Structures are given as structure tokens and as C-alpha cells.
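Participant: Shown below is the structure under consideration.
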Amino acid sequence: MMENGKMKIKQNDKRKILAQLLKPVAAIAAALLVGAVLILYAGANPVMAYKSLLTGAFGSFYNFTEVLVKASPLWLAGLGVALSFKAGIFNVGAEGQIMMGALATAWIGVVLGNLPMIILLPVTMLAAVLAGGIWASIPGMMKAKLGVDEIITTIMFNYIATWVVSYFVTGPLKDPAGVNPQTAELGAGAQLPILVKATRLHAGLILTLILIVVMYFVIQKSTFGYKVRLLGSSLTVARASGVNVPLTLITTMIISGGLSGLAGMMEISGLHHRLLNSFSPGYGFTAVVVALLGNLNPLAVFVSGFFFAAMTVGANEMQRSAAIPTSLISVIQGLIVFFVLISEVKHFPKPHIFTSKKEDRGVTE
């Protein structure tokens, strides 16, 4: 009887794992199917359009490296979003945290630009992580101490970060020799080395891949990760288990923001080598989609981030070959989120602000 019971438990576990794997695949398939209908409505051939999408992403070695370049910030910010969502904290401010990390990178990279790389590059990375972490900690503290909804505050902080960056690139940090709203070029020591000649693939990719593995063990295997998962499942259970809820919440937000800040650093240090007024095409917002599609699992975030990067890179070829606007890719990405949320509506962590018990609406201890 005992053995039969264990067999049933193992079978149920396998079914749950299989279901979790199939949900994002089904969401992607459904989104692509709806996308095909829209392509037909636009008067184009869906098969040819999707073929050109794949060609644009993987048709040459350079295109493949571009996918990795686009995936790196999505992986980092997606990891940060996944961590916060795992704790039941809906940090949708990754875009602002990316911007603050980029601003710190530009400041350090320009002001201390004469320092050697062995000193300047680590200092620049640290500054970006701190900037993103501090920026995220403010909504985190407001949530922990005042019970303020983090969805509202992190969205607001995205707009504030946009204007802060705009102020600095048109004012104190503006390149005196240029006319565009941008900073001077970073010192050579603050620029990430290129991994492959004649491409834009930089050394930030290596650190990003390492962090994906590290974050998997942090979330799934560490004591802190257990507290995060406990916090995401129930505030009441977390408190009863001795978890310091405010401290765990704020720490989670700092790490989440720090990862996004590092993504901003890699964009500036690895690609642009200066801070531009609109350097991010919305990586922070796409990172939310990446985290959801990856079911908040760092290893799955790697797959979903790569998928979204491939779609972004391939979209340009699809536009040229099939005359399909690149905005259709954004529609398909939105549809993927829609179908993922439908499949996870019963299992996804609820934001604590919506809990029914009055004492759980704030998390202050």
C-alpha cells in the first residue's frame, strides 16, 4: 500500500511538471496562431512571414550573435522580475531600474574614465547594481512599512527614472562636444570587451549566464530562496514560520532592482558606450513577459528570454521580406502573456494588497 501511494505521488508530480512545461508551449502556439490570422488579414502569407522571422534571427552567425546581445538584458531583468514575483511582490519597475543602472554607469564611466579597466569596470558594475537596487528599494520600503501597492509605485518610478535620465543627458552629463541628448563616451576602462570580432557580442554575456545559474540556486536551493517562496505563498504562513517579512521583502526588491541595474550597465558599457536619452527599447517591460513565460524559474527565463530576443531580431527581416510591420511582434508577445495568464490564473501568486484579511494588506511587523 505504501509503495502504491508513493507511485501515485511520483506520477502526480510528473504530471504537474509536464503540465508546467506544456503551458508556455501552448501559450506560444496559440499566440502564433492568432498572429497568423492577423498576417492573413494583412494580405500576407503566414508561413513565409514566420520563415523570414526565423531567417532574420538565425540566418547567419551575426544574426545569432545579435539574438544573444538582445537576450542579455532580458535575461538579467527577467531574473529580477521573476525573483520579486516569486515573493508575491509585483515589481513592474524594471525599466526604471535599468535606466538608473545605466545612469550610474555613465556617471562613473565618464567622471572616472581615466582609471584602468581592472578597477573601473568592477566599480562601474557595482555602481549600476547599487543604483538599480536603491531605486527598487524605495517602493519596497513603502510596501513593507506603509502597505503601499508596489504595482503603482514601481510604475510611477519608471516615469521618474525616464525624466531623471533625460535631465542628466541634456544637462549636467551632456556631451559638450555633441548636439544630441547624450553623455560623452565612457572611458575605455568602463567598456565591456567584445567577445567575437565584427559583432556586438560583449563579455557581459558570460556574467549573465553565470548569474542565471546562481539565481536558480538562490531561489530553489537557498534559505533566502525558501523565505522568498514562502512569502509568495502566504504572508500568514511566512510570519508563522518566523520569516522577517519586511526585511525579506525589501531585500528581494533590492536584488531584483540590482539585476535590472546591471542590465542597464551592460547596455551602456557593452553597446552604446555612452548614455543616450532613449537607449532602452522597453527591455524592462518585456522582462515582465519573459518572467511570466518562464514561470518565474531562472532556467526557464533563459529559454523565454532567448525566444523573445529571437523574435525581436527576426522582426526586421519579417518586415523586409513579408512587408509585415514589426509592431505585430509586440502584439504576438502580448498575446503570449494573455494566454500564459489564463493558464496560471489559479496558481499565480496574488499580490498581498488584494488579500482578504485586513492584517495582510500591510506587511509591517
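Glycine is no exception: its Cβ is also placed from the backbone N, Cα and C atoms.
Copying in the features that TrEMBL gives for the protein in this structure:
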TRANSMEM  21-44  transmembrane segment
TRANSMEM  64-85  transmembrane segment
TRANSMEM  92-112  transmembrane segment
TRANSMEM  118-138  transmembrane segment
TRANSMEM  150-169  transmembrane segment
TRANSMEM  201-219  transmembrane segment
TRANSMEM  240-263  transmembrane segment
TRANSMEM  283-310  transmembrane segment
TRANSMEM  322-342  transmembrane segment
Participant: Six or more residues out from either end of the transmembrane segment (150-169), which same-chain residues have a Cβ under 8 Å from its Cβ atoms?
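Facilitator: The answer is 89-93, 95-97, 99-100, 102-103, 106-107, 135-136, 138-140, 142-143, 181-183, 253, 275-277, 284, 351, 353.
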Participant: Cβ pairs under 8 Å with the transmembrane segment (21-44): which stretch of 92-112, 283-310, 322-342 has the most?
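Facilitator: It is 322-342, which has the most Cβ pairs under 8 Å.
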Participant: Select the range from 92-112, 118-138, 283-310 that forms the most Cβ-Cβ pairs under 8 Å with the transmembrane segment (64-85).
Facilitator: 283-310
Participant: Report, as numbers and ranges, which residues of the same chain sit near the transmembrane segment (118-138): CB under 8 Å and 6 or more residues beyond its ends.
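Facilitator: Tertiary neighbours of the transmembrane segment (118-138) are 91, 93, 96-98, 100-105, 107-109, 112, 153-154, 157, 161, 187, 189-190, 192, 250, 253-262, 264-265, 269.
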Participant: What residues elsewhere in the chain lie close to the transmembrane segment (92-112), defined as a C-beta under 8 angstroms and at least 6 residues from its ends?
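Facilitator: For the transmembrane segment (92-112), the far contacts come to 73, 77, 80-81, 120, 123-124, 127-132, 134-136, 139, 151, 153-155, 157-162, 164-165, 168, 173, 183-187, 190-191, 256-257, 260-265, 267-269, 274-275, 279-280, 282-285, 287-288.
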